[in-house]
Amino acid sequence: RCCGYKFCYIC
């Protein structure tokens, strides 16, 4: 899953 603000982080 992708999450975060401005950038994509693995959740």
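Glycine is treated like the rest: Cβ placed from N, Cα and C.
Feature annotations, courtesy of Swiss-Prot:
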- C2-C11: disulfide bond (DISULFID)
- C3-C8: disulfide bond (DISULFID)
**OP:** Looking only at C-alpha atoms, tell me how far C3 (disulfide bond) is from C11 (disulfide bond), rounded to the nearest Å.
**Re:** 6
**OP:** Give me the non-local Cβ neighbours of C8 (disulfide bond): same chain, 6+ apart in sequence, Cβ-Cβ under 8 Å, ordered along the sequence.
**Re:** C2
**OP:** Mind giving me a neighbour count for C11 (disulfide bond)? Other Cβ atoms within 10 Å of its Cβ, every protein chain shown.
**Re:** 7
Subject >> Secondary structure at C3 (disulfide bond), reduced by DSSP to three states >> reply: strand
**OP:** Please classify the secondary structure at C8 (disulfide bond) using three-state DSSP.
**Re:** coil
